[in-house]
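Structure record follows, encoded as C-alpha cells.
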C-alpha cells in the first residue's frame, strides 16, 4: 500500500513543495516537479512488551527442544537469552517503564525525564512510526521546522542550495507530543503547543553554546561507554528532584519558556502581531484552541495575561486562521457544523457560516456537528463534521476549507461589501483530503488525498483560472513527477492504525467517541 | 475451636442497602427542612480533572442561568416584568469556593458576608448534591429572615471551565481550601494550582481581588506558594494584612477539612495573594 501524504507545505521563496509521507520528507521543485532532496525521520524500534517477549522466548525454547538444530544456533539462542536478561534488568531499573519506545541506548538521558504524563488519548500516531505532523518554512525559506510525533522532536533544518539540500541544525525533544506550531518575534521564536495543554516558546536557532548538544551527531557521541555512568548519575539526580515535589522538572537542556497552558489538549495555535494604539509598538497575541471548545487570546510574551476567550463553539476547535487581509478577524472551525468568524480583539462573533448543507451535498448523507450520539453513531445515519484545515489565498481573499472524510475543498470568498465570507464553491476531489498547500503567486494549490484506488493520484493540483474558477491541473508533467516519487513510499503496517493514528485523527477528538465514561 | 472474629462494623453509605436513595428521596425530611446527612452522600475523594465526565456547563458566561442558583437576586424572565420587587438586583457572583466539598465555608460565610453572592464549585456529583440539599434546607429554615439566599453550589470542573462560568474580572475572592495534594510528581499537572492555571485565576479575579489558600500538607503549601509568588500578577499578603480578615478565620475553623485537621491536631498553612493590575505593554 502506498503511504498517503499526510502533510504538504509550499515555500514560495524557494518555490519548493514539501511532502511528508509518514516519516519521509520529500522536497520537490514547484515548477518542474523534480525531486530535489529527501530526508527520513529516525524510526525508533518498538519495544516488545514483557508478555510478547515471554511468548517469543517460549517459542524459541520449544524450537530448541524439538531438536534437529545446529549447535551454533543454540549458542546464538543462549546469547539472545543473556541479552534479554540484560535488557530486562535495564528495563526494570529504568525510570520510564511506561515508555513504549525502546530508546535506551540511542537517546540522551534527558529524553526519559518526561514524567508529567497521564495516559495519552488515541489519535496520536501510535503504531504509525515516527511521522511528520507539522512542517513550516520560516525566514523566507531559509529554515524549515519539522515536528515528528513519536520522538516528540522539533527539528530545525537549514534549506541550502535553493531547496536541494536539507541540513539538520538542531533537534529538540519536548516532554509531550506536539500538536501545533506557530512563530513569533519576526519568526525568530517558535511556539509549540502540546498534547498536555502547554505552550512553550523556544528560539528558532539555539544559542551556539547549546547547539553542540542538540545536533544529531553530538547526540550519538554521548552514547560512548562513559555515557552509561553519566546517565546513571543523571537518573539519580532526577530521582532526587522528583522527591522534591515542589518543582515540575522538565530539565530540557535548551532555552525554553513555558508560555501558557490549558487543562485540555491543545489542537491549534496561531500568533498575530497588530499595531498598538497610537505611538506604541506593535503587539503580539497568541491564540490557542483546545479540545474543550475554548479559544484563548493571550499576550505575547506575557502569556500569563489572558486577554479573553472566544467562546461559541459547541465541540472541539481544530483550526484557527487569521486572514492576512484583516488581521483583526479570526476564522475558526472544529467539530461543529459551522465555522465562526470572530473579531478576536473584542471576542465577538462576526459571522456564523453554516456548512452542514454544503457537506451533505457532497456526501449525500445527513450531517451534524457537536457531541457524538451513541445511538445515531451506531445506526450510522448521521455524518459528523470535522474541520481538518483552513487555508487562505491572500490575493483572492479566499478561504479554503477541508473536512475529514469529505472528498472536496470548499472555497469561500471575502465579500467587500458585507465583509463576510460568502459565495461558497465546491471543488470535488478524487479522495479524502489530508492537507493543502497554497502557492500565492499562481495562485494555485496542491491537495494531498487518500487515494481512492491503488492507481489514484495522491496529490492533486488546482490553478486559478480567473473569475473565482479553479481548474484541475493534475495531469501536468510536474505533478506526474511528484506522483511517481511519492508512490515509492509504502506503508506495510495496519491500515486501521494508520487511519486512526495519523490520517483521520482529528475526528477522534470529539467527545463521546470513546467508551462511555464511568460516572463516579 | 475458635469462633471467627465478629464482622467489622463498617460505616454504611447505604448505597447497597437502598438507605441512600431512601434518605435522598425522603419527602418528609425535605418538607421539614431537615439538613441532609453527610453519610449518605459519601464519595471517593478524588476525581480525574482531565476526564471529560458528563459535565453540563455553559458555553460562555452569558449562557449561565443564575436564576436557578439565586432566585432572590436573579428573578426568572417571567417574573421580571412583574412588580418592582422582582427586578434583577444587578448583583453578580463575586466569591468562588473552588472545590467546596461539603460546603462548610460558603455556609459559614453566608451570614458573615450577607450581601455577597457566593458560589461553591465541586466536581463530585454526590457531594454537590449534598450541598444543594443543605442549602435548600437552610433556606427553608431561615425563610423568615431571608438568609442563605446568597450562596449556591455548582457541579463543575474549574480547571477546564472557569472561563465558561465567570466573566473577566468578575470575582473578588477565590478560595482554594484543602485541595487534593496529588503527591506523585507525575500527577502535578492535576493540582489545582499550577503556573499555567494561575493565569486563569488572574483572568476571572479583578485587580485587588484575593486568592485564599489553606492546606494541611506542607509540601503542597510550598508548591502553591511558589507558583503564586512566581506569578507576575499576584502579590503575597503579609500576616498582618490577614489578621482582620474574617474569611481567613472561617477558612481555618469552619471548613469540613479544617475541622478534621483540628481534631487530629494537624497544622494548617494559610497563604493569600492579591491580584495586581495588568501590566502596561
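Cβ from N, Cα, C; glycine included.
Of the residues B:99, B:146, B:208, TrEMBL puts just one in the S-adenosyl-L-methionine site with B:122, B:123, B:157, B:158, B:177, B:255, B:256, B:257: B:99. Chain A has no C-beta under 8 angstroms from the C-beta of any of the recorded positions B:99, B:158, B:180, B:257.
On a Cα basis, residue B:180 (active site) lies 11 Å away from residue B:257 (S-adenosyl-L-methionine binding site). DSSP labels the residues of the compositional bias 'Basic and acidic residues' (B:18-35) in these numbers: 11 helix, 0 strand, 7 coil. Between the C-alpha atoms of residue B:99 (S-adenosyl-L-methionine binding site) and residue B:180 (active site), the distance comes to 9 Å. Annotation: B:257 carries the greatest number of neighbouring Cβ atoms among the recorded positions B:180, B:257 [cut-off 10 Å, Cβ to Cβ].
Here the binding residues for S-adenosyl-L-methionine are B:99, B:122, B:123, B:157, B:158, B:177, B:255, B:256, B:257. Their largest Cα to Cα distance works out to 20 Å. In sequence order, B:47, B:49, B:53, B:99, B:155, B:156, B:157, B:158 constitute the residues six or more apart from residue B:123 (S-adenosyl-L-methionine binding site) in its chain with CB-CB distances below 8 Å. Other C-beta atoms found within 10 angstroms of the C-beta of residue B:99 (S-adenosyl-L-methionine binding site) number 22, with every protein chain shown included. Residue B:180 (active site) and residue B:255 (S-adenosyl-L-methionine binding site) are 15 Å apart (CA-CA, integer value).
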